[in-house]
Amino acid sequence: MSIKVTGLTYVYMKGTPYEKKALDNINLSIETGEFVGIIGHTGSGKSTLVQHFNGLLKPTSGSVYINGEELTGQRAKELKKQVGIVFQYPEHQLFEETVYKDIAFGLVRRGEEKDEIYRKVRKTIRLVGLSEDILDKSPFELSGGQKRRVAMAGILVLEPSILVLDEPAAGLDPKGREEIFELVSNLHKNNKMTVILVSHSMEDVAKYVQRVIVMNQGRIEMCGPVRSVFKNTETLEEIGLAAPQITYLMKKLKEKIPQINDDILTIAEAKEELAKYIRKA
């Protein structure tokens, strides 16, 4: 499913002395099956923007469309179900006595049949790479990475067509980060899911997304393919961001070895380029 935003403006605490414009005339489209990153410094409007995608926030002005239908009126409730949002530290929202009950919570609220709930929970726990053996355990007995997967399963079990992830690997160790992003990457590739990643990590964005939206002071500063956006290092630095560290390293290396290509975004690309140079040498 696709998302389209036109003329979206959002003002916090409108009409009070604390009024603040968080989004200012945002226009964007995210196509079905895309993997899009949204980056920006703290307070740039990233999280406020994505909370409009499933109606958690309502525009002060402007419109949000899901698959061509405006997120208002009689169809709004059904359209909202198509967008699942996983916020930072989602495991803090785990509360049931078993993993099964936590994952099933949303389905129970929807009034689905017990057999159907059982089938969907088992399917989803496998989808996030966990064993069905943990379904009877307390979620609080699990590791940090497992809790994060269980929390994500609680969203995925509702079968959204669009998955929004706000800093999905925050607080995890390097192994846990890699596992979460491999899970998300597989969901995108194998399930043809539209994925929107909000992140402060330029390395994660460079490695996984196809297109980047750069937010600054409630507006879209840049938008384009990941490689073309990260080439604009000066613009990124002016708004408090940066390209991935490996990009800067390869540019420094090119000063010493002019033959190498410095249009590099990931460690894997850097390894490949250096191996190519060594073979030629």
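Cβ coordinates come from backbone N, Cα and C, glycine included.
Values in this document were obtained by computation on a predicted structure and should not be read as measured data.
Going by Swiss-Prot, these are the annotated features:
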{"type": "DOMAIN", "residues": "3-242", "note": "domain 'ABC transporter'"}
{"type": "BINDING", "residues": "G40, H41, T42, G43, S44, G45, K46, S47", "note": "ATP binding site"}
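What Swiss-Prot annotates, mapped onto the structure for a quick look.
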residue	record	Cβ neighbours (10 Å)
G40	ATP binding site	25
H41	ATP binding site	13
T42	ATP binding site	8
G43	ATP binding site	15
S44	ATP binding site	24
G45	ATP binding site	22
K46	ATP binding site	21
S47	ATP binding site	21
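Sequence-ordered, the extra residues of this chain that approach the ATP site, with Cβ no more than 8 Å from the Cβ center of G40, H41, T42, G43, S44, G45, K46, S47, are T48, M215. For the domain 'ABC transporter' (3-242), the model's average pLDDT works out to 94.
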